[in-house]
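To start, the structure under review is shown below, and the notes come after it.
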Amino acid sequence: MSQSVESRTRIKNERYESGVIPYAKMGYWDADYVIKDTDVLAMFRMTPQKGVDPVECAAAIAGESSTATWTVVWTDLLTACDLYRAKAYRVDPVPGATDQYFAYIAYELDLFEEGSLANLTASIIGNVFGFKAVNALRLEDMRLPIAYLKTFQGPATGVIVERERLDKYGRPLLGATVKPKLGLSGKNYGRVVYEGLKGGLDFLKDDENINSQPFMRWKERFLFGIEGVNRAAAAAGEVKGHYFNVTAGTMEDMYERAEFCKEIGSVICMIDLVIGYTAIQSMAIWARKNSMILHLHRAGNSTYSRQKTHGMNFRVICKWMRMAGVDHIHAGTVVGKLEGDPLMVKGFYNTLLETQTDVNLVQGLFFAQDWAALNKCMPVASGGIHCGQMHQLINYLGDDVVLQFGGGTIGHPDGIQAGATANRVALECMVVARNEGRDYVTEGPQILRNAAKSCGPLQTALDLWKDITFNYASTDTADFVETATANK
């Protein structure tokens, strides 16, 4: 029921009294708020300090991430402040936790500059995470309205065009990270690239921390690397690539490296998440103008995404990076050495690949999201995976993914080329089995053993790594579980 005119007038008068007024009474809490299609929505997991009411805590988060300060200021009257105040509109207890709550907050679209991740994040995560009223705070999910998404370019290339450029369909793409990360000379680096690609991989890649160090300057790496790409592509008759990391200390240096990457004929370049949101958007714009696939390594994300109660969930990073315009982003393996609950990872992949997602609490998706025709972003699975897990990887991750076997290629006893061949044969035999309608998940180990009878490198890899899997409990799991319901 709507408030009476007298009631609204009384509330408004109280709201502008001098001094400190609870955020909820200042207009940052509205349980009757009607969500607009143009609102930016955010859902926070909050742990209020002892004695702080959850509703007041949610209102404080809304206030401090929009227009509020600690006391009433008369200059509010010079603005459309009732419109611009963020509205906390719902607070739910977190299942299984006694001191945590989900706070839902709506933001007026005009609070954000068009096409600027830096501005969006300055509000949503800029100040509230240090707020004393909360013991811990985590941004779990966001709903970005179509009107706002249309101000971002989205992935520079997208999954469909990438496959067209590579002429590779119906299977995951295969890659590997050059190992060791640091210390190789340019010539030896190029040899690793050549061996891996000639053995059957689609891509080799730089790791996150190889830039331009004294043991190998960037131009040396690029020149030897592209030689390896070209020789392997000519030998295999396939389009091949190497992710040249153009990350540097300044945008000027990054543009210089990216331009050189284009000049030598590379189809793809790479940046790290740590360069920052504005730099990522700038490189994505450059990549689109120059028809370059842009790979993003999520270096640094676990410093704020891994813990359950404070920071932000990686699904939010997935959304922001799709908006920013990267074509690839590392998004988890489930079975590898890095953090990744199966349901959470599925939610990440759906966020990157679907044109529209519905609410799916078991995957951690708290809002429905229409992606406004932005291109799809290719997830990358890397970190502790090997060919013996191929049936699991395809089952969990599907076709639209780059499977990066670093140690699982370069650690092969018979050499890099043999490691690449083992991975390619494992992938091909599993895709064939799936396409034939076989239960490849259950039969996976036997399918691999059968293929290994005519592929020595695969047999050696299976003998070496067997069924190694990093079975550690995930620190970030779903708060909701699926329950069986009777059909009526």
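Cβ from N, Cα, C; glycine included.
According to Swiss-Prot, the substrate binding site annotation covers Asn127, Thr177, Lys181, Arg298, His330, Ser382, on the basis of sequence analysis. When Cβ atoms from all protein chains are considered, those within 10 Å of Asn127 (substrate binding site) total 11, not counting its own.
Swiss-Prot lists Lys179 (among others) with the feature active site, proton acceptor. Residues near Lys179 (active site, proton acceptor) in space but far in sequence (CB under 8 A, at least 6 apart, same chain), listed by position: Val192, Asp207, Gly406, Gly407, Ile410, Gly411.
Per Swiss-Prot, the feature N6-carboxylysine maps to Lys205; the stated evidence is sequence analysis. For Lys205 (N6-carboxylysine), other Cβ atoms within 10 Å of its Cβ number 29.
DSSP classifies Glu208 (Mg(2+) binding site) as coil under the three-state reduction. For Lys205, Asp207, Glu208, the entry in Swiss-Prot reads Mg(2+) binding site, with the evidence type sequence analysis.
The annotation active site, proton acceptor is assigned in Swiss-Prot to His297 (among others). For His297 (active site, proton acceptor), the same-chain residues lying six or more positions away in sequence with a CB closer than 8 A to its CB are Asp207, Glu208, Asn245, Met270, Ile271, Asp272, Leu273, His330.
Here Swiss-Prot flags Lys337 as site 'Transition state stabilizer', drawing on sequence analysis.
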For substrate, whose listed binding residues are Asn127, Thr177, Lys181, Arg298, His330, Ser382, the greatest C-alpha pairwise distance in Å: 37
Pairwise Cα distance for Thr177 (substrate binding site)/Lys205 (N6-carboxylysine) [Å, integer]: 5
CB within-chain contacts under 8 A for Lys181 (substrate binding site), separation at least 6: Asp207, Asn209, Ile210
Cα-to-Cα gap, Lys205 (N6-carboxylysine) vs Arg298 (substrate binding site), nearest whole Å: 14
Cβ-Cβ neighbours of Thr177 (substrate binding site) (radius 10 Å): 25
